[in-house]
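What TrEMBL annotates here:
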BINDING   444, 447, 484, 487  Zn(2+) 1 binding site
BINDING   453, 456, 471, 474  Zn(2+) 2 binding site
COMPBIAS  185-195  compositional bias 'Pro residues'
DOMAIN    217-383  domain 'Helicase ATP-binding'
REGION    182-204  region 'Disordered'
Ligand code: ADP
Ligand code: ZN
């Protein structure tokens, strides 16, 4: 070795280096020098300079043998932050998810560091207290203020001003006179913890045995997956609450994942009824301050129960003991922008790494979970009947070929008749149509012109409430014109097909006396308005509810006994390998809203293909038939879970560039007889936001490490430059 380049022993021993993962789109760690006097260990949350910025990052590993030539080029860690270190299990999860999904490790880390960037310390709130005699000059404002403070206690300064109806100047004046003092308010008390014994219900015999399993599971404190498989209204929530109660007793934290946090108002109340307080919520609409507080509470172990959307999976729990995944089959668990990951699957991975139990709950488990339960990999905990002896809804098909609605209408006379009966009985009816807006297509009767998005391969959807034609893929919108832009004909535009808004118009015209309400994600301005609308329905102040899949999920509407599915065929014909599964799950769930309190639920499926296996299984309430046929098809065709899939989506600003790159990519795919590379094919949604899209589908046997195959292929393959983009989606849920 060349002695001249070796560092002197002194400099080697005094310069410590750590490898740091920064939350940006990079896989590798960066080395930083540890300033003298700073103690750092893996997991510590730190602040480091990154280019011109300071970023919050995490020590990923000690670098025992830093390359001496780099010493002088390395930057120093700026600061060690005063937050608990990320535990090894969470760092392992970040590594695992990144390796599996081929997402940059820094991007996965970013999901755990969502603590609200550098807000600084909490502002201390000021309080005001009455301490001296009133001054001689007493205005009415001063008198009111002294009245408010007459108890001699410390009041929030701004609250006191508001209560007395005075400006803060009035307070300051009295402080100057020595009548009042201003002091710092003590920090707000931590909310009380959920009480596991607050209000435990009496369980039915069937529920009791499931509850026993739940308690044993939570007490086991080891990795174990239970599939809580119970029909709608069987009391799955009540049952898994007992696993949570047990976990709280053990002093550990629980994470409850929900597919759609905007819809959990009723859930929070039910939780409070059972445990005395609401759990901590985690979702994207939290204010930065609340987010920072919640992050701190979670990482310090002060939040015993957290309910959140998929991103809550990556939070730094101090001592997570149990994970619940509610509605585990829901496709909203798949994130398709940024890192492509499936939160249910990654929750199982987290439970495995952390060696803790996990409960997956559903009335219609995903085919994956169903197969795992059949093979004994997951423990099935079944609740085959509704609580309180209520009957499951009776389901009938309405053959739209035999009982069609009048022209331009979408509600069959048969269904209309049933709605009429429901209203006469002062019950509610729910009309389900998974289409937002008024009409999915607008065309000109004179020239045939159809309104399409200028930058997407999609029709513009007519939204009458907003008075605009809207693209559902890029958000482009334009006012609905009065004349055809193509042939200039006047009054010639017609709406084609139904959306929920049009359905409301139809329902209101058939039942002019009834109160209708549309529930659709685009009409929601905030979680709060959503929650209050749902309460209005639950209180019976609406007769006919018209909704998209938003209404399918988790609500209890006591007076709802009739559900009409306007187009049961809608999801069946889109060529998606999961079309049958999705339709079965969605329609089962929607119809399951009916008859939960009174047990007289009826579901009507308007269909043009009553012979379709999915429709037949729904009508016969024959779950077994559905799973048997679906599992057989997947097994025969090698689709998940019997084989594995990944999608590669190539996009570019022009078609030839995208297609050319996709072809080059396929040409260099390593040969492996266990793996098929299909395509490239133009994506069903061929253009989004002006980007032309081509798809490759990679299909392998079940035991192949598909992620590793993809990594080797893409490392050796052509590189994207300029406008080209390559997205990798392991275990794709969407095939558009
Ligand atoms: P699921 O989630 O399986 O659809 P839920 O947990 O929502 O079912 O229960 C359906 C309804 O039955 C809810 O109103 C719930 O409060 C009630 N319920 C279930 N089990 C019990 C019980 N043991 N005691 C009292 N009410 C119950
Ligand atoms: Zn568009």
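Indices start at 1 and increase along the chain as displayed.
From the backbone N, Cα and C atoms, a Cβ is placed for every residue, glycine too.
Here the features listed in TrEMBL are painted onto the structure.
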| residue | record | CB count, 10 Å |
| --- | --- | --- |
| 444 | Zn(2+) 1 binding site | 20 |
| 447 | Zn(2+) 1 binding site | 13 |
| 453 | Zn(2+) 2 binding site | 24 |
| 456 | Zn(2+) 2 binding site | 21 |
| 471 | Zn(2+) 2 binding site | 21 |
| 474 | Zn(2+) 2 binding site | 17 |
| 484 | Zn(2+) 1 binding site | 21 |
| 487 | Zn(2+) 1 binding site | 12 |
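A Cβ distance below 6 Å to any atom of ligand 2 is met, among the binding-site residues 447, 474, 484, by 474.
Among the binding-site residues listed here, namely 444, 447, 487, 444 has its C-alpha nearest to that of residue 456 (Zn(2+) 2 binding site). A coil conformation is recorded for residue 487 (Zn(2+) 1 binding site) in the three-state DSSP classification, outside any helix or strand. The helix, strand and coil residue counts that DSSP assigns across the region 'Disordered' (182-204) are 0 helix, 3 strand, 20 coil.
Counting in whole angstrom, residue 447 (Zn(2+) 1 binding site) lies 18 from residue 453 (Zn(2+) 2 binding site) by their C-alpha atoms.
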